[in-house]
Ligand SMILES: C[N+](C)(C)CCCC[C@H](N)C(=O)O
């Protein structure tokens, strides 16, 4: 893979990510804290206490990790399709793979990227949940001073396994929903493109955006559980496991708890995934 494309992919992935990060912070807070009345209330409180910077907490690690995570996801997906259908990316418009193959390849990519994502995602969630305003002289420092300090503290306290807290929930969240992601994308592209032709940039943007929304809608219940398990052991109670987390969250807060952050997740998913797919298609086209 030529270096410039890799860098271009990373930059466009990072652009999507920066665009989506403020939404992501509000989502994580709504999912794991009970002090907010809704999206608007959370935005206002975050802005008042922490200024605009509060929305960008925990962003540096995802930016660094998106290079690895995105290349594993798209690389494994495309290579799994190559194994399943014996067609390369360029040949796939003329010989479209079946949706079953697209789903299996997406799930495989999702499963493997979840393991790369897990430690980065844990650190992101922990930092996003630090609601203290920016440090003023004399005020006590927050528990984690930054991503590296956060990773080191977790490693010291819990060992390497601590960095994979919530990884199971993350894998369960991402494996089927990334299958859904690629199927939705392919399906929408084919609806708006003549047989054998390459989809237009507009089609790719819309299909990518809706693929993001659909997969996030399906992923939200396990996303809530994942975020709670990642926070467990910190200030909240530790759960006995994934099932215990599900049952006790539902008991205490009702079934609605599984849909926390759904609206904000969808609003974030459209621009992030529209940009991601557009750069993915353009890069592969330019490699021709
Ligand atoms: C599978 N799941 C829905 C969790 C994520 C799918 C989209 C991934 C994308 N990087 C984003 O951050 O939106």
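Placed from the backbone N, Cα and C atoms, the Cβ positions cover glycine too.
Just so you know, TrEMBL annotations never went through curation; they're auto-generated.
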Next on the checklist: Tell me which of 37-60, 61-84, 85-108 corresponds to the transmembrane segment entry in TrEMBL.
Outcome noted: 61-84
Checklist entry - What are the DSSP helix, strand and coil residue counts for the repeat 'Solcar' (1-83)? => result 71 helix, 0 strand, 12 coil
Next on the checklist: From the DSSP assignment alone, can you count helix, strand and coil residues within the repeat 'Solcar' (97-191)?
Outcome noted: 72 helix, 0 strand, 23 coil
